[in-house]
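Undergrad: So Swiss-Prot has the following annotated:
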SIGNAL    1-23  signal peptide
DOMAIN    36-80  domain 'EGF-like 1'
DISULFID  C40-C53  disulfide bond
DISULFID  C45-C62  disulfide bond
DISULFID  C64-C79  disulfide bond
DISULFID  C100-C113  disulfide bond
DISULFID  C105-C122  disulfide bond
DISULFID  C124-C140  disulfide bond
DISULFID  C148-C162  disulfide bond
DISULFID  C153-C173  disulfide bond
DISULFID  C175-C191  disulfide bond
REGION    194-291  region 'Disordered'
TRANSMEM  290-310  transmembrane segment
Amino acid sequence: MRLFRCCAAAVVAAESLLWLKNGSPFFAFLPGNGEIADNCSGNPCGGTAAGTCINTPSGYDCRCEPGYVLGVENDQVTCMMPSGVPMANFVQLSETPAACSSNPCGPEAAGTCKETNSGYICRCNQGYRISLDGTGNVTCIVRQESGCEENGCGPPDAVQSCRRLTGTAGRLCVCKENFIATIDASAHITCKRVPPHYRKPPFEFGKGGHPVDSEPSKRQREDEGESREPESDSTEPGRDQERRTPLEESQEPEGSTPDSQQSRGGSGSDSTESEEQGKEREEGSGHAGAIAGGVIGGLLLLSAAGAGVAYMRKSGSGGGEEIEYERGIEAAEASEVEVLVDLDSKTWD
């Protein structure tokens, strides 16, 4: 029996030397009672990182991974580095931390991290999006909702583009032709079809319709004033002469011409006013009431002064002076002065 064991050990040693020399698979034949034992327990081949252990009827077989060779350590066949360092020890020394160990994608609520051969990838949860952190690594950050993802600007047939404003939760809506941006009570902007009472202006800064102005703008009024011909003086000749009071006629020297006739005589040569005078008259129309009031006050003051002069002439009759009256006018009428003002006349300009 002892002789048999010695012969078996010699055969194993010889086959080991032949395998190391030729690189052929190694099989160990060990004595036993015929039962198949788990010869791979304890990872005799150095672990799954170094090689794979396969049970055989006579022992185990080591299939080493690339970069490792079969060797003998502590009288046991195993997979080891060519330099003689065991695979298990080498893996322990060269092992690096996993890419997802530092949670580069953020907390669990933000997303999950999955390791790859070249690094990791982040799968962000709802409400988060992919972004780069301060070190240039990919991570998941909170998504700033702008509403563009859910047709926040309106239906697709009404919206030309929807863009999220950087750094805010707002959005920029650009409506298509025949649509206009509207805002509701919640300050939400949407594109809706242009109502019938809307139209496009002569010039536009973008797409969509605009409301029609109920009143012409100042620019339009100026343009209409330039294109319209100036109106001629519609005052009838001799109208001021008919409105003059007897007292005013009595105080005028003979042969003099009324100021109104002189002014009309000077303006009669020009049938139309210049464009600048037309603008000034249009701009000054708002002050016509104030000017008319001032003129009326001035006329009342003049009438009071005329009445005072007439009174002084009357009172001077006691001194032997005669009161002069206008021919054809009674004394009672001369003491009462009536002032007539034509507010519709344009002579006050």
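Going from the start of the chain as shown, residues are counted 1 onward.
Positions of Cβ are set from backbone N, Cα and C atoms, glycine also.
Map these features onto the structure and tell me what's around them.
TA: For the domain 'EGF-like 1' (36-80), the DSSP-based tally of helix, strand and coil residues reads 0 helix, 22 strand, 23 coil.
C40 (disulfide bond): 17 other CB atoms within 10 A of its CB, across all protein chains.
Around the Cβ of C62 (disulfide bond), the number of neighbouring Cβ atoms within 10 Å comes to 23.
The Cβ neighbour count for C79 (disulfide bond), using a 10 Å radius over every protein chain in view, is 27.
Listed in sequence order, A99, C100, N103, P104, C105, Y120, I121, C122 are the same-chain residues six or more apart from C113 (disulfide bond) with CB atoms under 8 A from its CB. DSSP classifies C113 (disulfide bond) as strand under the three-state reduction.
According to DSSP, C105 (disulfide bond) sits in a coil region rather than a helix or strand.
Residue density at C140 (disulfide bond): 24 other Cβ atoms are found within 10 A of its Cβ, drawing on all protein chains shown.
DSSP assigns C162 (disulfide bond) to a strand segment in the three-state reduction.
Under the three-state DSSP scheme, C153 (disulfide bond) falls in the coil class. Other Cβ atoms within 10 Å of the Cβ of C153 (disulfide bond), summed over all protein chains shown, number 25.
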Undergrad: Counting only residues 6+ apart in the same chain, whose Cβ is under 8 Å from the Cβ of C45 (disulfide bond)?
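TA: Once residues fewer than 6 apart are set aside, C45 (disulfide bond) is near G51, T52, C53, Y60, C62, R63, C64, V77, T78, C79.
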Undergrad: Spatial neighbours of C162 (disulfide bond) among the disulfide-bonded residues C40, C124, C140, defined as Cα within 10 A: which are they?
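TA: Matched disulfide-bonded residues: none.
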Undergrad: For C148 (disulfide bond), name the DSSP secondary structure in the helix/strand/coil scheme.
TA: helix
Undergrad: Can you grab the distance from C140 (disulfide bond) over to C153 (disulfide bond)? Cα atoms, rounded to a whole Å.
TA: 26
Undergrad: Using a 10 Å cut-off between Cα atoms, which of these disulfide-bonded residues sit near C173 (disulfide bond): C40, C124, C148, C191?
TA: C148, C191
Undergrad: Looking at the disulfide-bonded residues listed here (C40, C124, C175, C191), whose Cα lies nearest to that of C153 (disulfide bond)?
TA: C191
Undergrad: With a 10 Å radius around each C-beta, find which of these disulfide-bonded residues (C64, C162, C191) has the fewest other C-beta atoms nearby.
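TA: Across C64, C162, C191, these disulfide-bonded residues, the one with fewest Cβ atoms within 10 Å is C64.
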